[in-house]
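Quick notes on the structure that follows.
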Amino acid sequence: MTLVGVLALQGSFNEHIAVLRRLGVKGVEIRKPEQLQNVTSLIIPGGESTTMAKLAEYHNLFPSLREFVKMGRPVWGTCAGLIFLADKATGQKTGGQQLVGGLDCTVHRNFFGSQIQSFEAEVLAPEVASKEGGPETFRGVFIRAPAILEAGPEVQVLADYPVPSNISTSPYSSGEEQKENVEQSKVIVAVRQGNILATAFHPELTADTRWHSYFLKMANEIAETSNSQLQLQVNINYSQKQLNELPIFQ
Ligand SMILES: NC(=O)CC[C@H](N)C(=O)O
């Protein structure tokens, strides 16, 4: 049975669990490091990444979360979850915050501005639509949303979004100053890198279940590959054992 862990320290974890339920999958609330051992994949929800990081620190979750990602288990971060997964974040509160990391990118924590600059928009994600069917666009709910400003070569861009003209795309700016000629530039808002999926927006707040279904398929594919690798390993060990156990005739 597929058990998807949902980090349940703060933010929209209930909404993720509700979507999983609609897809017939059980979401398990994760609050302690040892609970990660019972799940095969993990969703890190949106919320407020600084608060979430403080709670994760308090519950000593960072080492196990990092281990989970490093072991190649499927992980999806939405919004604050994306910030958690990024190797580098800018626009952090004074003192910064711990990150889980693993996703080779620089994320701007509040790229699209504050709460009142939150918005909804259609986001084009052809790769996800090709797997899941339906229209090529998805409703993107952007709440104090981050954006990916730089991504490494291993990162597959699933969706980008035009930068509003009053925002700078420099990773080192506060994101508030004006810059000329940025009307045409775009920032990345959804990516995949191996076992990591990350979105700057909140699919769990829409009726469209395709992002969740995409993640579940991705998780199944990863599980199948690691099972067959495990099987291969078992076979190799078995045949070596057989070789070693060949009777020696003297
Ligand atoms: N909706 C969200 O998750 C917002 C994330 C927020 N920008 C943060 O820093 O945590």
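Even glycines carry a Cβ here, placed using N, Cα and C.
Among the candidates Arg21, Arg22, Arg109, the one that TrEMBL lists alongside Gly47, Glu48, Ser49, Ile143, Arg144 as binding L-glutamine is Arg109. Proximity of the recorded positions Gly47, Arg144, Glu204 to ligand 1, judged by a Cβ distance under 6 angstroms to any of its atoms, singles out Gly47, Arg144 in sequence order.
Taking the C-alpha atom of Gly47 (L-glutamine binding site) as reference, the shortest distance to any of the active-site residues Cys79, His202, Glu204 belongs to Cys79. Of all the active-site residues in the record (Cys79, His202, Glu204), the one with the smallest CA separation from Arg109 (L-glutamine binding site) is Cys79. Within 8 Å of the centroid defined by the CB atoms of Gly47, Glu48, Ser49, Arg109, Ile143, Arg144, the record's L-glutamine site, lie the Cβ atoms of Gly11, Gly46, Thr50, Cys79, Ala80, Ile83, Asn110, Pro146, excluding the listed residues themselves. Shown in sequence order, Pro45, Gly46, Gly47, Ile143, Arg144, Ala145, Pro146, Thr199, Ala200, Phe201, His202 are the residues of the chain, 6+ apart in sequence, with a C-beta less than 8 angstroms from the C-beta of Cys79 (active site, nucleophile).
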